[in-house]
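I have placed the structure first, in the form of structure tokens, so that the comments after it can refer back to it.
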């Protein structure tokens, strides 16, 4: 049973465990995989297999992440779990593992701790849209009032960071009991309750192809007699021949029309998310379009220069800076396909940022970039990556 292939017909959702060190994230991950694989097929994973998370690289940053998958009655889930706090910070900021929702694991015996708060804040900053709470180690708390108090604290903390604390599902259980095969309320029943909350509380994410058309410009060619061809990989949506599109970023936004879509030298009537295409533009000159701009559905995305961001600064060991940086530091910000210079304003209470830190900053770019909250970028100095970031809030 355990080795059966997953049914890919079910909708796919990405989730992950977050929360304070030793509150039981990895144990819960193992418990979910074990209980659900017995019910719906798939592979059970042992604690040690998940805890020995392999190294991977995202934007030049080394991150340890364990990926497991499981099924519920309605869905297929990909689930990430990180061994260390630093791995969570890097993972969430680089978007190496984009989450449609997070499972916040909080020990009922300890209540919310510093990393509980920090992970909720990070989830807010990087745009994790939904959080479900698993109140773990409930077998260690006999006092019902104490449980209620911890639940209230967690709800208040979620509300403080703009999550709907009062409406958030909170499941009480014990990952350890569930993993040991306990069939009771705190064991298997709690895991099934969690699976149910995942299915009902996190909406099915929009597929890339259903979004508004967007394609980062990688290259521009002039073809005599045909006009200007822009190449790139369609990030989301669909582009059909004859549709109006906007060229956004760097310069003033311009309108144009798609008169052809080519893929592998063949003419198509449309291109869609994931396709590497050449798009022929009517009446657009070669010099009107450049790398770093995007082609987009009219009105769907706007250019901005001023925003707040959550960034992770590479440590010296990761090939980052050897020294801290200060207010008004001016690196390049690499968005999609190009670098734009910008200046960094640090929070009032931060005099400097050390390599290996994560920090909230405000950025002013010298040229506008087509931007949305949640957009990832790299921070570079002369072509060398020194940090990674994500747009938290657009100012103008």
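Counting starts with 1 at the first residue shown.
Glycine residues also receive a Cβ, built from the backbone N, Cα and C atoms like all the rest.
The GTP binding site feature in Swiss-Prot is assigned to 19-26, 81-85, 136-139; the stated evidence is sequence analysis. Annotation source Swiss-Prot lists region 'G1' at 19-26, citing similarity to another entry. The Mg(2+) binding site annotation in Swiss-Prot covers 26 and is backed by sequence analysis. Summarising the annotation, Swiss-Prot assigns region 'G2' to 60-64. Annotated region 'G3' per Swiss-Prot: 81-84, in sequence order, evidence recorded as similarity to another entry. The region 'G4' annotation in Swiss-Prot covers 136-139.
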Write down the Cα-Cα distance for residue 26 (Mg(2+) binding site) and residue 82 (GTP binding site), rounded and given in Å.
8
Give the number of CB atoms, excluding that of the residue listed as 'Mg(2+) binding site' itself, located within 10 Å of its CB.
23
To which of the binding-site residues 25, 85 does the lowest count of other Cβ atoms within 10 Å belong?
85
Cα distance (Å, whole number) from residue 26 (Mg(2+) binding site) to residue 85 (GTP binding site):
13
What does the DSSP secondary structure composition of the region 'G2' (60-64) look like, as residue counts for helix, strand and coil?
0 helix, 4 strand, 1 coil
DSSP on residue 22 (GTP binding site), three-state: which is it?
coil
Sorry to bug you, but what's the C-alpha spacing from residue 138 (GTP binding site) to the residue listed as 'Mg(2+) binding site', rounded to the closest Å?
16
Count the other Cβ atoms sitting within 10 Å of the Cβ of residue 138 (GTP binding site), across every protein chain shown.
22
Test of understanding: give the count of other CB atoms lying within 10 angstroms of the CB of residue 19 (GTP binding site).
26
Work out the three-state DSSP category of residue 82 (GTP binding site).
coil
Output, ordered by sequence, the same-chain residues six or more apart from residue 22 (GTP binding site) with a CB under 8 Å from its CB, or 'none'.
107
Give me the DSSP three-state residue breakdown of the region 'G4' (136-139), ordered helix, strand, coil.
2 helix, 1 strand, 1 coil
